[in-house]
Amino acid sequence: MALSFSRTALSITQQYFPSKKPTTKSTFLNLLSYKPHNVNKLSTISKPNPFSLTITKLSKNPKPKSHFQPVRSLFTGIVEEMGTVQHLGDTKDGGFDLKIEAKTVLEGVHLGDSIAVNGTCLTVTDFTNEDFTVGLSPETLRKTSLIELKTGSLVNLERAVQPVSRMGGHFVQGHVDGTGVIVEKKPEGDSLWIKVKADQGLLKYIVPKGFIAVDGTSLTVVDVMEEEECFNFMLVAYTQQKVVIPLKEVSQKVNLEVDILGKYVERLLSSGFVDSFKGSS
């Protein structure tokens, strides 16, 4: 139980305090010497003493209230497994579905959960013990490379992180900014260089040694070739075995999501936020 002091509210009966006006010192001495026999039988009095004692029973398993909501639709870019496309096509109600065979990402899955498929955040609309289905909107089909998938294609899969998850890569939203095209694959030892051509609108957010998500894989940019409108990165042997990028051929598309921090900075600069500080100095 916990003891707290207040000038109002519940107080111990008058018999535990002298009839004369108590001093701060005497009040604290009385409180220290007081040993309640039955807390539940404490009664209130109409005129509480200047110092009163409130006794509260604490729960055996207290659960502090949290002001934070569970994080949803945020990823790390660390691919959990590669799934296999079972079906991609129109539905009876005019929609467009993607059905994927998987294992790891099905653990604890629920309808409405978010799963990144090649870096695209999609919502689970149906699932079994062996596969799950997600719906694709027209905008998703236009913005990503998912339309190029076919039965048997392998895809990168990652579940949305939870507040207790480790951040192994970087903050990936699963909001694909656009697509790039693989223009070169070059081995070096057991590693593999990949060069990707991207639109200038995306390339301006890509910086050497910065983060980028390629088909949902968190990667570090090595170089940016402005004149070629390309950037490159290297895949180590382990990563090559865990993601779909090495399986793609030159001229195939990859989904790209640039680091969100760059877009926030650009937004602040264009809004005049920085100039407002200059004017006030």
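From the backbone N, Cα and C atoms, a Cβ is placed for every residue, glycine too.
Straight from TrEMBL, the features:
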type	residues	note
DOMAIN	74-170	domain 'Lumazine-binding'
DOMAIN	171-269	domain 'Lumazine-binding'
REPEAT	74-170	repeat 'Lumazine-binding'
REPEAT	171-269	repeat 'Lumazine-binding'
DSSP-assigned states of the domain 'Lumazine-binding' (74-170) in counts, ordered helix, strand, coil: 12 helix, 40 strand, 45 coil
Taken over the domain 'Lumazine-binding' (171-269), the model's mean pLDDT: 94
The repeat 'Lumazine-binding' (171-269), counted residue by residue under DSSP: helix, strand, coil: 23 helix, 42 strand, 34 coil
